[in-house]
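Per TrEMBL, these features apply:
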DOMAIN    459-548  domain 'Ionotropic glutamate receptor L-glutamate and glycine-binding'
BINDING   T559, R564, S730, T731, E778  L-glutamate binding site
SITE      I709  site 'Crucial to convey clamshell closure to channel opening'
DISULFID  C790-C846  disulfide bond
Amino acid sequence: AASCPVHKTKLRFGAIFGSGIEELRKRNALHYALASMSRRYSNNDSTIFCRHDLLPIVTMLAEDEDSFQANQAVCRMLEGGALALIGPHHACATSEYFASMATATQTPQLDLRPMISAQESASNAAHGFVLNLYPSLDHISLSVIAAIDYFKWQDVLIVYENDESLFRLESILRNRRYIFRIKRYVASQVYSLLSEIDSSGWCTMVLDLSLEATAHFLRAATNRGLMNRRYHYILANLDAMTLDLEDYRHNHVNLTAFRVVPGNWTHYNSVLADMRDWSNKQRLVNPDGVLLTRGGQMTLGAALIYDAVQVLASALASLSLSRHIKPPLGPSCDALMSFNGTAGEHNNALRSPFGGSLMNYLHSVDLRNGLTGRLRFDSKKSRQAVSFDLYHLKANGPVRFANWTPRHGLQVFSEPYDLAVVYPLKNKVLRVVALAAQPFIWVKREYHNRYLINGHIRPDVEFHRQHLEGFCIDMMELIANRTGMDWVIYRSPDDKYGICVELPCDKNKQTKQLESSSASMDQASGSVATESSGCNCEWNGMVRELIDGRADIALGSFTITYEREKAIDFTKPFMNLGISILFKKPKGEKPGLFSFLNPLAVEIWLYVVAAYLLVTLMIYALARFSPYEWVSPHPCDEDIGYLVNSFSLSNSFWFTVGTLMQQGSNINPRAVSTRIVAGIWWFFTLIIISSYTANLAAFLTVERMVSPIESADDLSKQTAIEYGVLAGGSTETFFETSHIETYARMAKYMRSRKHLKTATTMEAIERVKRGGYAFLMESAMIEYHIERQCNLVQIGGLIDSKGYGLGIRPNREELRDELTLKILELQRDQQLQALKNKWWKETGTCRGKDPQETTASELGMHNVGGIFVVLVCGLLLAVFVAVVEFVWNTRKNAEAAADEGRSLWSEMSSELRFSLNCYGSSRRRRHHRRRRGQVVDSTVADAV
């Protein structure tokens, strides 16, 4: 100690920081590290602090600085005699410039940035004078993959913040054992992202966000209801453990975070305590003296600064043992600006005099007491042997449950989950009330004699779990296996699902008196606050069992309704459905004597006849109107005195009907206008005949099913077919409470005829099979029965939309939430769909196609209406062309007959009168004299 001089030599190094609170913590960490090490080692002659004072040249550089400003910053530090550079700490645009300048001037740089890619890491190693202290990108990726493996995730959502995050995730995304989905975090759109996550059912997520963004995302997820036991978040930010997680401890959410393991926990805690004291003293005189987080934690950036100072001090101490270190005379900025990095006497003077030696000592440093773990470097000048502790949030705070190292991988010390939270139903026995209905709950075949009489459950028998089978039984077994619970089942005492039956007026008064005297007695009696017409009502069926506390769960085809939801709890639906109509399949109608007319609707046949008449008259009129349809009967004899027209009225009818029947008529139009009509008519007949032919085969070979009703509206407007619902079920409630006119009318009809409501589903099906009766029930049940009763059919679509769920005893939110999670898991794993296929399709006996799918439908106007539009447009075009032809030819005739004193209007009037004369199909030819220089060829419109 006596060998340490009083006056110490000052050695300087550059330190580059950014802006913001985190960069302020790092800057204060630098000052703390220098102050504490100088205080601790100033009299230790084996350290650099014995003979030298380390002084920083601090430079503030924002992330968006350009290369010129970065150049100026480096110049100021090197001009001030900096032996080395520490930083930058963030991935700024000029990071590559710092590395190049450090290598060119042989000034060692301690880089504290996370490498955004393996390529950048290799580039840093190639520079030769850059040493990176941040944990390796590969190590971080491997530790995240190890955590995903341990938790057995298959579908992983990765939320990233910027392009640098995406580059860092590249090695994770290359792993093909998982299904990765990627979403970008934008602070202003976080609730849209969370809504998408909620609707898509993504529950397992990796958040690769900055510390501020991670905190914001978790707060928003809490507000959105995405922080519960259903969700599991892996926080990839190595500073995540410094966040205040107090608000999430009791949400039962799964949060897993990583933390860099220090080289020595005793040393780490000692430094952390000293940091707190130093920071408190600094903040008394300087408000910017913040060093730790609000929770008194040290960030990874602050720990890396401390370790960087340790590494630099250790290397300088080793260098001082081999040579005398004196402060270098820094080159001027002008000289540095002209420096090109090549050899030469001038350039050699700009290089650090002992930069190469210092870099070798830095590379060979091996410190075991680093705050971020053991400090040693590999051949690529990157950190090696970094290890991470994994923490999981529990009710009493984050708990360390595993450790990851490059050599041993993930080693788990304890169960991360709180078993009481993960398995809240484990070893518990729940009472389940049920109502038998195929295929949800029914008796196994070998017990039919014991339970059934005439196909119905005997009223005096109780259920035993081992005697039952069905969709709901299998679903409960799957849930029990996943939760570790056990369950016993019993039958609904009154064999009803549960509706609220209105109390009589006198009993209603007594109930109100009981309500005022004893609320608990009122609940025990099953009278609830649901009101109907001003009177209270009393629940029956399975709902009553849950309200009275005799059952924990109601099982079966139990519909979730508004009224029931007010009295009891429900899980999420395990099956979605709606009300539809079950009806006896109508008898097939065999093809009749005139079945060849069926392919086209009646109105289409009428339209075709109308089109035939219109085209016939149109071509007849245009042929008379157009002068080009009037030709000599003997083409070789030009002196014949009259012209003929092939399109007489009878010939016009023959021409169009021949075309319609795909036959010839030996009559061909000559004028453009008549040819347009003919072409459009041919196209029209092509489409009509093709459509007719294509539909004819189906109508002659398929038995058509003619149903007297097609929808609920049809059902409500007739009285020949009776219809009803299951008494005491949700379908009855739907109609009784509906304000839609059709459904209200149906409810009134069923109320006035009590015999239309059935006590059981099987009774209703038997009535449907006898005919003359339609049964309104859930579509899932209809699907099941029409797979087994081949003479039954579903009519129309769904009247409403609803779902089947598990009824839960009131005030048992933890049971409801746990069962909901298991139902969602079964849906995700497609187990519920597999069960539906098993009990609906695989055991069905009707394998034929739906008659509605095989019956050909007659073609209506909506099928072939376009061809009529084309026909009309063609006819209008033909009329226009005929007018042009008429005017043009009349003008020629008028010019040729000018010496006879005939004007254009008189010629046009004469031609028009002849065209409109429907008698005669020939006309005289008029010959005109040839004038000098022109040929005159005209006709006179005189009928023969």
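Just so it is clear, glycine is given a Cβ too, placed from its N, Cα and C backbone atoms.
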Local backbone state of T559 (L-glutamate binding site), from DSSP in three classes:
strand
Using DSSP and three states only, what is T731 (L-glutamate binding site)?
helix
On the 0 to 100 scale, where does the mean pLDDT of the domain 'Ionotropic glutamate receptor L-glutamate and glycine-binding' (459-548) fall?
74
What kind of secondary structure is I709 (site 'Crucial to convey clamshell closure to channel opening') part of, going by DSSP in three states?
coil
If you measure S730 (L-glutamate binding site) to I709 (site 'Crucial to convey clamshell closure to channel opening') at Cα, how many Å is it?
24
Determine, using Cα-Cα distances only, which of these recorded positions is closest to R564 (L-glutamate binding site): I709, C790, C846.
I709
Taking the centroid of the Cβ atoms of T559, R564, S730, T731, E778 (L-glutamate site), which other same-chain residues have Cβ within 8 Å of it?
Y497, F558, I560, T561, G729, T733, F734, K802
Give the number of CB atoms, excluding that of C846 (disulfide bond) itself, located within 10 Å of its CB.
14
So if I draw a 10 Å sphere around the Cβ of E778 (L-glutamate binding site), how many other Cβ atoms end up inside it?
27
According to DSSP, does R564 (L-glutamate binding site) fall in a helix, a strand, or coil?
helix
Per 10 Å Cβ neighbour count, which of the recorded positions I709, C790 ranks highest?
I709
